[in-house]
Structures are given as structure tokens and as C-alpha cells.
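Q: What Swiss-Prot records for 1-21, 25-45, 59-79, 96-116, 123-143, 153-173, 178-198, 200-220, 239-259, 278-298, 325-345 is transmembrane segment, and it gives sequence analysis as the kind of evidence.
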Amino acid sequence: MNPLVTLIIYITLISGTIITMTSSHWLTVWMGLEMNMFAIIPLIMKTHTPRAIEATTKYFLIQASASMLLLMAATINFMEFGQWTVIDMPSPIASTIILAAIMMKLGMAPFHFWVPEVTQGTLLSTSLIILTWQKLAPLSILYQIYPSMNPKIILASAMLSIMIGGWGGLNQTQLRKIMAYSSIAHMGWMSAILIYNPSLMLLNLTLYIIFTITMFTILIHCMATSNKTLSMMWNNTPILMMTLLLTLLSMGGLPPLSGFVPKWLIINEMITNNNITISLTMAMLALLNLYFYMRLIYSSSLTLFPSSNNMKFKWKMNNTPKLPFLPTLTIISILMLPITPMMFIFE
């Protein structure tokens, strides 16, 4: 792709998200979402393969439908109450429609079907953008309007997302689909705590983005797209492989690592608000995610796929690529638990 065209695409992508996050009028919010959608489409179909074209079509149809629902709900709210502001959403019909539109854009259940297919059909770098940057604009809208939303609908979708994010990843061997189902589960955790403590949602979002960037950075540099290719990384880049495995454990919420922090704080907050049954169910469903992370770690580190080369390690290791920001991301992804008591803002 032409470097100038690529620059224009990324500028449009960033501008669309910033416009949506800083707008207080529904029309400018919708305009920012449209800019965001049209900027990501050329990146998804960069490879010009049938799978990429299929992923682009699915992404366009889902996102365009969600934008249409959002604009329709904003129009209904204006016709009933004469309000175009984002925060003021007194119409229950309009608020429910907007919530459905945001769930479609975030890939939350029951509108989650497009996320694994689109993520699998494109490049690793584009999958990273879809699972991180593309979540910011819809989450910023949800953050502003959650007081007007029905909390029962949000909690039901959150529980369903956590369940599907765990069950959907059990049979997967493609790493991009595993990360997609992990994203669905993380969106469920964020939306569940939003109605009780929005600051915890921001903490969870920050850590989720750091985990995902760390994972995809390693996968991109090792060109690993499946469980089989991941098992061959021990021969080439054992240090990066060890970092990847620790990041996977952290994403699963294993206690000594950073990923345990948001789950611990979220469950504590929900128990404080007398939602013991919901928090217990969420904790049990989180074990599904931890299970397929552990299975991925076992199959990639403790087993070897059949190969014509009987050597377990190469006689000469490849140089680890220079990734100046990866050590910082890795430390945050793994070793942030000791500073948790300093996070008094999230209490």
C-alpha cells in the first residue's frame, strides 16, 4: 500500500475515534464512528484474499447496521424530547436501541459472531487494531450514557459475553480466534463493573489493551498464527516464547500476575454491592478462559508437533528482534500486582 495512503488511513482512524470520544452531540458521535469504520476497511482487505474480502464484508455490514441503529435512536430521542446531547437520554426506547448498537460495535453477546471471523480473516497487525483501538470509541459512548441504560440488560449481556468468551475459545487452535474470544470475555467484565464503578472499567480496559498489545507484538515478530506455529517458537525465540506464556497466564487472571488485579477488584466491588451470585458466576466462568490459556501453554511448551527435524533446539539461535517498548509492556503485564495497594483511586 502507498505510504501516503497508509498515513491518511491512520490519521482518519485516529481522528474518528477522537471525534467520537470528545463529542457531546449525537451527529458528531455518529460521524466519528463512520470515519473510524471507513478507515479500518482498507486495512482489513489489505491482503486481497477471499478470506479478507469476506471479513471486510462482515465487518462493514455489522458496523453499518450498528451506526444506523445509533442514528435512529438519536433521532427518536430528539423527536420525543428535543435533545441531541449524548449524556441526556430520557427515552427508554432510544436508550435500549443505542445499547444494542454499542454492543454490536463492541462485539458483545449476543452480537459477538462477527468478532472471531473478522479477526481471523485479516493480518495480525489489523487484528490488533480491531481488538484494541476500535473498542475505544464505543466504550467512550457507553461510559457517558450508562446512567440512562437498563442495568439488567447490561448485566445479562456481560454474563453472556463472559460465558461465550470462555466456551468459544475451548475448541480453537488459531491464535487470532483465541484472542477474539478473549476480547469478548474482557468486554463482558468491563460492562459488568461499569454500572457499579466506572473507574474499574478504565483500569480493566487499560490492562486489557496492554496485554493484547504485548501478545500481538510477539506473535507478529514470530509470525505465529496457530497453535502449531507457536510450538515451534521454542527453537527460534525462547525468550519471547517465555514472555508470551507469562502474558497468557496473566490474561487468564492467575493470582501472582497483573491480570489478577482487575478480576480481584471487580469481584470485590460486586460483592460490596451485594451481587454475590453474579460475582461467583463470573469467577467460575473466568476459569474457562484460564483453561484454554493453560491448554495453549501446555500444547506449545510441553509438547512438540511431528517434525522431520529431531533436534529440540537449533544449534544457533536467531537474534531476538529489537523491540524497545516490549520490556515495559511485559513488566506491566506480569508484575503490576505489588503496586495494587497504591491504587486508592479505584477503591
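Backbone N, Cα and C define each Cβ position, glycine as well.
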Q: Any residues 6+ beyond the ends of the transmembrane segment (153-173) with a Cβ under 8 Å from its own?
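A: Result: 96, 99, 103, 108-110, 112, 116, 146, 181-189, 191-192, 194-195, 226-228, 278, 281-282, 285-289, 291-292.
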Q: Counting Cβ pairs closer than 8 Å, which of 96-116, 123-143, 178-198, 200-220, 278-298 has the most of them with the transmembrane segment (1-21)?
A: 123-143
Q: For the transmembrane segment (278-298), give me same-chain residues lying six or more residues beyond its boundaries with a C-beta closer than 8 angstroms to one of its C-beta atoms, as numbers and ranges.
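A: Distant Cβ neighbours of the transmembrane segment (278-298) are 155, 159, 162-163, 165-167, 169-170, 172, 178, 182, 185, 189, 192, 227, 230, 245, 248-249, 251-254, 263, 266-267, 270-271.
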Q: Report the listed stretch (59-79, 96-116, 239-259) having the maximum count of Cβ pairs within less than 8 Å of the transmembrane segment (178-198).
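A: Of the candidates 59-79, 96-116, 239-259, 96-116 scores highest.
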